[in-house]
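Q: What TrEMBL records for this protein is below:
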| type | residues | note |
| --- | --- | --- |
| TRANSMEM | 16-35 | transmembrane segment |
| TRANSMEM | 87-105 | transmembrane segment |
| TRANSMEM | 111-137 | transmembrane segment |
| TRANSMEM | 144-163 | transmembrane segment |
| TRANSMEM | 175-194 | transmembrane segment |
| REGION | 198-230 | region 'Disordered' |
| COMPBIAS | 210-226 | compositional bias 'Acidic residues' |
| TRANSMEM | 257-282 | transmembrane segment |
| TRANSMEM | 294-316 | transmembrane segment |
| TRANSMEM | 323-341 | transmembrane segment |
| TRANSMEM | 347-364 | transmembrane segment |
| TRANSMEM | 371-391 | transmembrane segment |
| TRANSMEM | 403-427 | transmembrane segment |
| REGION | 432-494 | region 'Disordered' |
| COMPBIAS | 443-453 | compositional bias 'Acidic residues' |
| COMPBIAS | 481-494 | compositional bias 'Basic and acidic residues' |
Amino acid sequence: MGAGGPRPGVGPPDGGWGWVVLVACFVVTGFAYGFPKAVSVFFRALMRDFGAGYSDTAWVSSIMLAMLYGTGPVSSILVTRFGCRPVMLAGGLLASAGMILASFATRLLELYLTAGVLTGLGLALNFQPSLIMLGLYFERRRPLANGLAAAGSPVFLSALSPLGQLLLELFGWRGGFLLFGGLLLHCCACGAVMRPPPGPGPRPRPRADLEEDCAGDAPGEAEADAEGTRLRLREAPPGGRARRRLLDVAVCTDRAFLVYVVTKFLMALGLFVPAILLVNYAKDAGVPDTEAAFLLSIVGFVDIVARPACGALAGLARLRPHVPYLFSLALLANGITDLSSARARSYGTLVAFCIAFGLSYGMVGALQFEVALGLVLLVEAVAVLIGPPSAGRLVDALKNYEIIFYLAGSEVALAGVFMAVATYCCLRRSRDTPPGPTTGASDTEDAEAEGEPEPLPPGTQEPCSLESLEVPSPRAGSVGQEREADPGRSRESV
C-alpha cells in the first residue's frame, strides 16, 4: 500500500498528530460540502455570459455533488491501492485544476467537465481518505473528532458564499473561479499531513482485512451518506472475519433498508434545491448582491448550532430508540419551511426562511442514519442530478420561483411522511410476525463467519426494523457514550 495508507497493527493514538489530521479533515469537509453550494453566487454571471437558463447553470453544482456521492467506492479502491496521502494529493490537484480550467471555459459543456466532473472528483478523492485517516487516529475521542471535523461544512459555507460574491464583484466570474482554484490547493496541504499513526496497535489487523474494509465494492466497503457522509471501518476479530450483517447483499432486500433508500431518494430530490438557487432567487427579488450572498452564510451559522445540539439530544437514552421518527419530523419540518416560504420577497422574510431552513437542515444532517451502502450513495447521486436542474428548468419555463419551493418542499415533506408511516408499519409487522425457521440458520452462519456468536444488544429491534439499522450521525457532535462503553462494536469514523 502506498505511503500515507493505513498500516497493519497501528492503533488510534487519540491525540498527538491526530489533532493536525483533524484540522485537515475540517478543511476538507468544508470544501466538500460547502463549495458546491457556494459557487451558486456565480450563476447569474454565467447565465448572462453564456445565454443560459437556471437549469443549465444548476448542473454545475449538481454534477459536483453527484461526483462527491457517486465516486466514494472509487476513492476507497484507490486508497486501498495507493494509500490516503497520494490519493488526497491527487484529489487536491484535480479539484484545483478543474476550477482553473473552468475559468477559461467558452461553453457550458466545458464548465460541466471542469468545474463539475474534475472538481467534484477531486473533492471526493479528498473527502473519503480524510475520513479513513481520522478513524485511524481517534477511537476513544472519536465522537468529539467527528463532530469537530463535520463542523467544517457549515463554517465553510458561511465563509465561501460572501467570499465568492466579493471575488465576483472584483474580478468577474472567471477571476473568481481562478482564485477559487488556487484556494482548493489547500486540499493538497491537507493531504500532505495525512501520515499514518506510529507505534504498535492494541489490536493488530491483517492487511487483507484492512484492504477489504477500505474497498468500496467489497463486503466491508467504506460507507458514506448524503450531507453527512461517513465511513465505517470494521475491525476483524482475532482469527476470524469481520461481521457483515449490515453489508451483506441480503440487506438490500430488507424492508427497513428499502424504506431508507426510498426516503433518501425523495429527500435528495428537494433538500439541496433551495440552497443552490437561494442566492439567485434573492437577487432576482431585488436584494443587493452582497446581502443575497450572505443568506447562505446565515444558513451555515444556524447549521453550526443546530447540528451538534440535535445530535446530542438524539444520543439521549430516552430519545435514541425514536430516532427514525425524529428524522421523519426533521424532514417534515424542512419541507414545511420550503412550502411556507415560497412567497418570500423581502430581505427580512428571506432571513427568517434561512434561519428556519438552517435549523431543519441541521436536524436532518444530525439524524441521518449510518446505513449508507454504495446503493444508497448511487441513489443520492441520481437524485441530486435530477433535483436542482429540474427546478431550474421549471423556473426557466414559468418565470416564477415559487414553484421550486413548492416542489422541493413537497418532495422533502413526502420523504418525512413516508419514513414515519413505513417505519411504523415495519415495526408493527416485525412484532406481529414470529421468527421464521431460517432465523437460526442465519445466526449460525453469522457466528461461523465471526468465530463466535454475537447477541444483539438489549432493546435492539429485529432486522426488519429501521431502529436496528439506525445509528445517529457522528457528524452531529453527539457524545457517543454508548460506543465507548461497548468496545466490541464496529469501529466508526466520520
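From the backbone N, Cα and C atoms, a Cβ is placed for every residue, glycine too.
All TrEMBL annotations are machine predictions without curation.
Since we're looking at a predicted model, the values are computed, not measured.
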Q: Taking the transmembrane segment (323-341) as the first stretch and the transmembrane segment (403-427) as the second, find out whether 3 or more Cβ pairs fall under 8 Å, excluding pairs closer than 6 in sequence.
A: yes
Q: Between the transmembrane segment (16-35) and the stretches 111-137, 144-163, 294-316, 347-364, work out which stretch tops the count of Cβ pairs under 8 Å.
A: 144-163
Q: Same-chain Cβ contacts of the transmembrane segment (347-364) under 8 Å, 6 or more residues past its ends?
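A: 154, 227, 267, 271, 274-275, 278, 282, 285, 287, 291, 295-296, 298-307, 310, 326-327, 329-331, 333-334, 337-338, 341.
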Q: Need a quick answer: max count of Cβ pairs under 8 Å to the transmembrane segment (403-427), which of 87-105, 144-163, 257-282, 294-316 is it?
A: 257-282
Q: Of the listed stretches 87-105, 144-163, 294-316, which one has the most C-beta pairs under 8 A with the transmembrane segment (175-194)?
A: 87-105
Q: Using a Cβ-Cβ cut-off of under 8 Å, list the residues of the same chain that are 6+ residues beyond the ends of the transmembrane segment (87-105) and lie near it.
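A: The answer is 4, 28, 31, 75, 78-79, 111, 114-126, 129-130, 174-175, 177-178, 180-182, 184-192, 194.
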